[in-house]
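Engineer: Pasting a structure below so you can have a look.
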């Protein structure tokens, strides 16, 4: 270590001696290896909501899954207890230990080795305390037995931590705090277990926009860096050169480089000892160096946020900073501005309210200032540096990161103490002690960093964009070891005061002995370490950019109307050949069978497979195993196909984007979101049943989104088939004009084709699977009269909805086939008419004419009025035109989990989307990159580089919600989302095995993201997990998917009803508590009465009327608290007591035995004793229930409701009626099934809480008996 004396002195000034090293730390002594060592790689995920890199680990026997933060600045592994306060809320969603917690009782290998020894406190005020224990620990495929870890019994941090730093930093068991009590931490233990050859690992964090990197134990990956890997020394503890507590290296130079020049930045502190710390988000440098960096990029210091801030648009700056480490020949790492401009908030970005940046969005700069050391290079630096940590030779290897590398070439360390593979030693490291001359830079690079030279002393006001700024990190959820000095820039000089920074974990543990010199700031003020998303950069604020773009469009005459007039013939041709259609119908009408034939006849599939096919394959669009087993469609599936149609003797190719939707009402959201983005639909009806209940629902959805439809009467080969009955039902029940454009040739088993009423010709299918279509001008003699009659009916229906045909009809002219087809198209697109075709998909007959009708009658994207809302004009509707040259506007209408990540389905309404393009989410102005675009073919994908206007596609790598609008940032547009019906049925659910909690949580979160009608909450009283959905089948499917896809078996049941207890009359009490247990006893006497609360039957009230001081004032409060505690758990059922009032009038005390505890307990016992005499009763929740159904089922519904509650109101309309009733919640479980049975699936209902009322006496007896039985069972355990 010769030549490093100066650095040691520098480090000595930075590291306070927080504990006494009683013995020098020896070189680690490792067990002899008896098996071949290897490398182990673990993916670390950039959890932006928490601002760190996390790894998935398993603890215990059997293993419990936990996602834990990886930290090179710590040594302990510690986990939160499942009983800790931070974890008690729920393990699902944002609250509680959603990343997992540890339950020792579930592990057979758990052993406590240091009871009460684990005690760590961080400088943001958070802490974790408990025991040290040993157990099995798994990470990256490596399994370690008897790993020593901390157990956070009392912790306000809701996730665990995996420390991989030096063991002398924190890894201590016992109170001596000497090196003799250092236990082997994770990398040391991996060597002792023979898993790796030496205590070393490499860390690749990847860039800020990436979702993950990795840590590689025992080796390096030569494909994850660029250039040479250079070794530099790590510097030891000041007072003991054999002790290493952190990864301190020498920062010896820093340059600012841009298109306008290069500046060498200098500091009085050079060479600077900096810590490489992956556990800290920002980087912290001395004041004078930070000041120069801020000047280069135009950053200003905000006292409001205690941060150096700058416009978010600086992310686009091409300037960069080059850090030199380990002397003049050491590694040099360049960090670009897109890695240094960090979002400040989770929501809308705050904006500069005045000064040079007025109106622009505020972001934080990734390099901040410290008044004095230790200085840090955190994640804003480490993402650009590939670092190999060698804890045996006390060196690090550093090279420039190869961002987003997909290749891998792993080279293990060959033996303990071996140097870093493929790395060269930086020469002349002794010269790091040379301090360069301090000069003020010329700031020649500043102009290249910024668009224009900025006045560094400009007054800057800061204001949130909307209301209060929400910090981008969560309070009490972060481990912030580094504290920001309170500093401000004034004329280029930095001033501030430094608290006694305690970097090492041990220093934090002895805070009581060595208190910090200054207050530790809360996490809200101590830096941006925990982030919810990657940086969003904007040329200016979103509103300004949008308004500017709108002006540019107007100036360039690029309005949608003008663009339409200038569309090229090729673009018009593309649009005219495009159809976005859906297949929708009642369950079991043959939608999927029809879709399978469409795919076959268009050449998308080479063979036809049936729903529930005997070959075990199943229909292409039913890709889910459950769909094929049950023979129903559960999820809508998208595909695309080309259909060749002959027009005027020329073959034209039409492009279809097709969505097959479910028919069961439980999956109605799938139809809802498909209809939101489609231009047209094929409504399939059964030739026997005609219009059914779900057909009415589908019709309502089509009308909600103004979707034109053609109707296809399927199953013409079934016994009892009557297509004209279906036509009549469309007219009468769906209230839309309909007429057949075909009549069948034959019926039932004799069905062989159709007669085209427009051209008066017959159409039949021939060949294998009906692949050939035979068209003949000859109509069977027995059908001629019927054909003429139905053709006349068609013309008459058209005359009712189309002016041109109406005029011809009045003039008694016969329209030509072309005029009829044009009229059908006009009336269909205008939502006034639906042409009815017929055939049998299962029999492979007459599907091709239906495809021709899709081309003839359904609109292309330019025929449909699609509108957006202009947010810059008070959400004024504006028309969107499917023209590629216009700014992009698209809608995300469906989310789906995929092995490659989240798959987002997008309808492109305007403009085009290209691979690698950046888009803005209009809901939150977040900028996202589109890394991959695919066309979907059921569960198969076809990669494309570009998608044009009017198309439907899917993209990967976009975090968004269903219904979000995306633009390219040039238009302030948003689009209305889809209608989401309320859930109607609930179940309680829990995994059978506690070890499945993590998988259960992941599954629930996924299901809720994918399906807006699937909801989950935890009941506050019963603590049961409740799932809600559209019906029993809906929830059954998700329970089954849990079992199949996540291997989680669950128990379901009726949710526990939130009953209440109350009293109905006054009852007096006189209760004496007198207990003697050998020492001081308990004595308290309380007298008074309880009665119903006359002021509010929903609340409780305590009142004291003691005269003469028989109960001292200090015990009165204890009585009130005892009353409140007694009301939390009532005597009858253990449910909350409401509407009770307790009055204490007298009592007695004892000189030595009376206490707060005694009077608290006496009040509780007095209340419980008087409760029965006061007429204690059980209250049940009554729900305001609204039922809507066709008027013909009013009697059936009335019978249902008479059994469940009292009818409040009934309103009868022409076709349907609405009934309002107050019903017992307990009686409403399973009601959806009964209502559907009573109304043939046509009834709907909704519920909301109304009030509490006394439960029937027989129910009260049953409930009380069940509760007493439950208590007896607990007592006997």
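Including glycine, each Cβ sits where the backbone N, Cα and C put it.
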Engineer: Choose the correct range: of 728-755, 756-783, 784-811, which one does TrEMBL annotate as coiled coil? Give that range.
Structural biologist: 784-811
Engineer: Over all shown protein chains, what is the count of other CB atoms within 10 A of the CB belonging to residue 591 (GTP binding site)?
Structural biologist: 28
Engineer: Highest CB neighbour count within 10 A among the recorded positions 71, 588?
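Structural biologist: Counting Cβ neighbours within 10 Å, the top one is 71.
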Engineer: Pop the Cα-Cα gap between residue 277 (active site) and residue 591 (GTP binding site) into the table, whole Å please.
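Structural biologist: About 58 Å separate the Cα atoms of these two residues.
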Engineer: Within 10 Å of the Cβ of residue 277 (active site), how many other Cβ atoms can you find? Include all protein chains, please.
Structural biologist: 26
Engineer: From the Cα of residue 277 (active site) across to the Cα of residue 664 (GTP binding site), what is the distance in angstrom?
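Structural biologist: Pair distance, Cα basis, whole Å: 54 Å.
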Engineer: Can you tell me the mean pLDDT for the coiled coil (784-811)?
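Structural biologist: Mean per-residue confidence for the coiled coil (784-811): 93 out of 100.
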Engineer: Determine, to the nearest whole angstrom, how far the Cα atom of residue 277 (active site) is from the Cα atom of residue 716 (GTP binding site).
Structural biologist: 72
Engineer: Would you count the other CB atoms within 10 A of the CB of residue 716 (GTP binding site), including those on all shown protein chains?
Structural biologist: 28
